[in-house]
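Colleague: I have a structure I would like to understand better, so I am pasting it below and will then ask my questions one at a time.
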C-alpha cells in the first residue's frame, strides 16, 4: 500500500517487528531510537516503549503503546485490506462499528473508502468529521463538516459537526454561530444546545482572562520593530515561518498556545517580559536544537506532525464525545424503512413469478419500485416478467432504466451485465439482430459468462445468414457469371474468379457458379480450392456432369491417372443425355496416356524405384495383407476381380497401377 509507514520507537520488539516486515512487503517499516531522537518522541507523544505508530501519506493513522504485536498485526491487516468490493453502505457500517469500538483511525479509513464510492453522501462526511474530532484532528473535522453542509445545507447535524470542530480549534465565537445555525433547523436538539452553552461559557472565561495579563497580548503593537531592536531576536526575522507565527499570534492572542514549543517564540515571549537572562534559551542552544531537528528531516519526510493542541486551562474542555450517524437522520431512517418495504414487495413478486403469475408479479414489482426508486434489483426482476409476457419493448425500457440506476448506485457489474443480456434477448425476439449483438457484447464487457457468449454466437450466425439472404439476387448472379465467362475466354482467370465469387454471393444455390470458378482455379493451379468448389457443386446437384469432369481434370493435374479414369467413368454414368461425351473422352484419353507413360516410358527398375519414393506406395507395399493379395494376383490373375470388389483394396490397387507397380 503505497505511502504507508509503521514506525517502532524502541529496539525491544525487533525480531517480531522484522517478521511482520517480511510478511507485509507493501508497508514501509522504520525503527526510531527515541533516546537518540528526543524531538520525535516529543512530537508524537511517545511516553512508553515500545510504541508503534502508523502513517499513510504523511498522516498519522494510529498508535499502539506496549508490546501488543497482535494488535499491531490486526491494524496492518485493516490498513492493507482491499475494500473495493464493498458497497458504500457496507463500508459505512464497518466504520460505525470501528467508531463504536473506539478505533477512530480505522473508522476514518472505512468512511474515506465509502466517500470514494459515494462522494455525495453527506452522512459519510458527518461521520468522518466525528471521527476526526474524536482524535482531536479538528482541522480535518472542520473540512468534512463544511463538505457535509455543502451537500445538504438543510441538515442540522452538519452544523453541529462544524461547531464541534471550531470548538476544538478554540474558535468559540464561530462555533457558537455554527451551533445557532443548527438550532434554527432543529430547535429542540438537546446536544446542540448543551454544546452552545459550553462554547459561550468558554468565551466568557477568555474575556475574564484577557482583561488581565494574557500572554498573547505581549505581541500587540509594533512587535516587529521590538524584535528587530533585540540582537538575540532580530536574526529570527529572516525565517518566514517565524514571522508567520508572530502574525498569527497578533491576529488571535490565543494562538500563542499553539507555538509554545517553538524555542524562538518562547525566547521572544521571555524577552518581551523582560526576562532575557537565565530562563531564556540561548542562541547556541537554539542552533543545537535546529541542527538536531535537521538530522531527522529524512525521517519526518513521511511523518506529518500531530495537530497542535489549543490552549489548555482548568476550564478549557474539548467538545463532548461524538457519535456517528448510523441511521440518526430522519431521512436515513426513512430510506431504511422504504427499502425494507420495497424488498418485501419484491419478494412477493418473486414468489408470484415462480408460479408464472406474471400479471400479479408485475403489480408487486411496480409497488416495490414506488416504495423505493433506488432499489435497483426491482427493475431487473420487473424486466424478466415483461420478457415472459412478450412485452419486449417495455422490457428493454425497464432494463435501460435499471442500467442507469445501477450506474448511479455503483451496482455490482454482474447485475449490470444481466440487464444488458436481457436487452439483447428482447431485441432478438423483436428480430433486431444488430441491436441484440450490441447488447450481448455490452453484457460480456461487464461480466463474461458462457451463457451470454453462446447467445451472442447464435445471433451472429443468424445475422450472417440474414445478411447473406438480403444480398441474394439470382438475376445479378447470372450477370456476374456471364462477365466471368467472358474473362475466362480471354484467359484472364484471376479477374474471372472475382466475378464467379460475386455470382456465388448473389446465388449460392446454382452449381454452375461453383463449377465455373473451379475451372479458373484449375487454370491457376489452385487445385485444393478447385476441388472444394466441385464438391459444393455436387452437393447442390449430384448429377451435375460438369463437376465430375472438373474433378477428373484436377486429378489429371495431380498425375493421379487411375482416379482420373474413375472420375471420367463416373461422369459418363451421370451423362445420360450424352451431351458431354466429347469432353469426358478428352480427359479420359489424357489419363490413359499418362498412365501408359508411367508404365512404359522407363525401365522396370526405374519405374519401381520412382514408385517407392511415394510414401503412400511404401505403406501399401509394407502391408502384409496387400503383399498376400498381390501374390495371389500374380498366381491367379482372375483373383483380382474378387479383390476389386473390396473398396479399400480396390483403391490401393489403383494407387499401385497409377505408380506403375502393377501394369495393365
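Heads up, the Cβ atoms here are built off N, Cα and C, so glycines get one too.
A TrEMBL annotation is a machine prediction, not a hand-curated record.
Sharing the record's features from TrEMBL:
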{"type": "REPEAT", "residues": "88-121", "note": "repeat 'TPR'"}
{"type": "REPEAT", "residues": "156-189", "note": "repeat 'TPR'"}
{"type": "REGION", "residues": "296-346", "note": "region 'Disordered'"}
{"type": "COMPBIAS", "residues": "296-320", "note": "compositional bias 'Basic and acidic residues'"}
{"type": "COMPBIAS", "residues": "322-331", "note": "compositional bias 'Acidic residues'"}
{"type": "COMPBIAS", "residues": "332-346", "note": "compositional bias 'Basic and acidic residues'"}
{"type": "REPEAT", "residues": "417-450", "note": "repeat 'TPR'"}
{"type": "REPEAT", "residues": "477-510", "note": "repeat 'TPR'"}
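Show me how these features fit into the structure around them.
Modeller: Remote same-chain residues near the repeat 'TPR' (88-121) are listed as 54, 61-62, 75, 78-79, 127-128, 130-132, 134-135, 151, 324, 326, 410 (criterion: CB distance under 8 Å, separation of at least six residues from the stretch ends).
Distant neighbours of the compositional bias 'Basic and acidic residues' (332-346): 123, 325, 364-365, 367-369, 371-372, 374-375, 377-378, 381; these residues of the same chain sit at least 6 beyond its ends, with a Cβ under 8 Å from one of its Cβ atoms.
Long-range Cβ contacts of the repeat 'TPR' (417-450) within its own chain (Cβ-Cβ under 8 Å, at least 6 residues beyond either end) map to 379-380, 383-384, 387, 390, 392-393, 395-396, 399-400, 402-403, 406, 456, 459-460, 462-463, 466.
Taking Cβ pairs closer than 8 Å, the repeat 'TPR' (477-510) reaches residues 468, 471, 516-517, 519-521, 523-524, 540 in its own chain, all 6 or more past its ends.
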Colleague: What is the average pLDDT across the repeat 'TPR' (156-189)?
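Modeller: Overall, the repeat 'TPR' (156-189) comes to a mean pLDDT of 89.
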